[in-house]
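Here the structure comes first, spelled out in structure tokens, and everything after it is commentary.
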Amino acid sequence: MSFSAVLLPQLRETDSNINIDLSQASWIASIVTAALPFGSLTIGPLMDRFGRKKMCLLTTLPFLISWTLHNFATNVWYIYIARIVAGFGAGLSTVAIVYVSEISHPKYRPMLLTFNSVFVTLGILITCLLGFRLHWRLMVKIFFGMVCITMASLFFIPESPYWLIVFRNDITESRKSMRWIYTDNKVFEEQVQRVLRSPRSQTEPKNETSRLLQLKENLKLYKGPTVWKPMIILLVTFLFQQLSAAYVVIFYAVDIFRKIGGSFKHIGLIDAFVALILLGTIRFVMSIVLSMISKKIGRRILMFVSAVGMVVSSFSVGLHMNFSSSSNASSPMEFSNRTFTEQLPNVSDNTGTIAVILVLTYICFSSFGWLVIPWTLIGELLPVKVRGTLGGVMVSVAYLLMFFMVKIAPFLMEAVSLGSIFIGLSVINVFGIIFLYFFLPETLGKTFEDIAKYFE
């Protein structure tokens, strides 16, 4: 997803064999997010029908196609198609969250699920570091090789034991899979018994009558509290995640830093690559810290710490930007598809630096919880029988909300000052804290059966 940050500046160079304008650049950057929901909606039924392992393998194919199209691109339409295919593939990768949640021991599941964000942020860092020196076509070849290595590695992983029991009722293969995962005999037997207690789907319907009965059974399942309660919790959680605008701050980091001013701007270091590397480093470090402590500290506490830190930092940066200057100045702010002028504070290097640090603190706290944990909750709160389908729906909703927020952000920042926006974000995050306190259950150390009983 961060490849566009490297690709676009190189395509704008005079010696580029593919020339783009601002409108085309905007589409190249955003079209991945628009294509993502289609992949996440598709993968749900497929992973339930054909298995988690096969769908993990399938996920690598769109990326191979995408990098191939990038490599042989001769005009911008090749890149459009390549980005759409990459977005579709990223949506398919929802299967990884489901797979990890089902093969993990309850004690280690929270930590292992956070590895998703660790490797995403690592990928962003690698992309930005490579893009600092390498041509984008050479990077494409490197990424193609990485996907090939990933695909080869996936042939050696076992199928999800939960899927083998719930959707295939295959106890023998499920035990083989569990034996591959758990070599300790005591842990192996405990996990086998836990998997065997999972509710099982009926066999494939043979005629129209049995299909109708199965449809009624599925509808009854979706009406149950173990499905609709976690579904609503996830929807509202993703709503607050996107309304917190943490992704928007990351997406428009360079523009926001330039707008704030301060020593970053003064010494001329704030360009696209440095800003992305700086934010990527913060996200990477915080995701590692989160993965290390999530084994011992529950989801609720981590989310509360994250939300409280976001409230304090966003309110502080809002007050600082609104009241630290004695006069206003008009300053242009350029986005990917338009330029506008807004009344900005005349900040000194010191006050600008403080504001930049506060914004980075906001990203730091958001990376500690709100940017990571909602994605992992998909693999924990939803029942196994609907996790594939509803997990895809949840991811689709999240990315549609993200696409909407990123698109309206420039217009909002044209109408309202940054300081007022950050104060508004602090209010939104307060409501997020209230929601967490009353509705988010703790999942640390809980089995899927324990979580289901909570919602019952």
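Just so it is clear, glycine is given a Cβ too, placed from its N, Cα and C backbone atoms.
Taken straight from TrEMBL:
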DOMAIN    1-444  domain 'Major facilitator superfamily (MFS) profile'
TRANSMEM  25-43  transmembrane segment
TRANSMEM  55-73  transmembrane segment
TRANSMEM  79-100  transmembrane segment
TRANSMEM  112-132  transmembrane segment
TRANSMEM  138-157  transmembrane segment
TRANSMEM  232-254  transmembrane segment
TRANSMEM  266-289  transmembrane segment
TRANSMEM  301-323  transmembrane segment
TRANSMEM  354-378  transmembrane segment
TRANSMEM  390-412  transmembrane segment
TRANSMEM  418-440  transmembrane segment
Are there residues at least six beyond either end of the transmembrane segment (25-43) with Cβ under 8 Å to its Cβ atoms? List them, or say none.
1, 4-5, 7-8, 11-12, 55, 59, 62, 76, 79-80, 83-95, 336-337, 388, 391-393, 395-397, 399-400, 402-403, 406-407
Which one, 55-73, 232-254, 354-378, has the most C-beta pairs under 8 Å toward the transmembrane segment (301-323)?
354-378
Let me spell it out: take the transmembrane segment (390-412), skip the flanking residues so only those 6+ beyond its ends count, and list any with a Cβ under 8 Å from a Cβ in it.
30, 33-34, 36-38, 40-44, 91, 94, 97-98, 227, 231, 234-235, 238-239, 241-243, 245, 247-248, 251-252, 335, 337-338, 340, 374-375, 378-379, 382, 421
Looking only at the domain 'Major facilitator superfamily (MFS) profile' (1-444), mean pLDDT returns 82
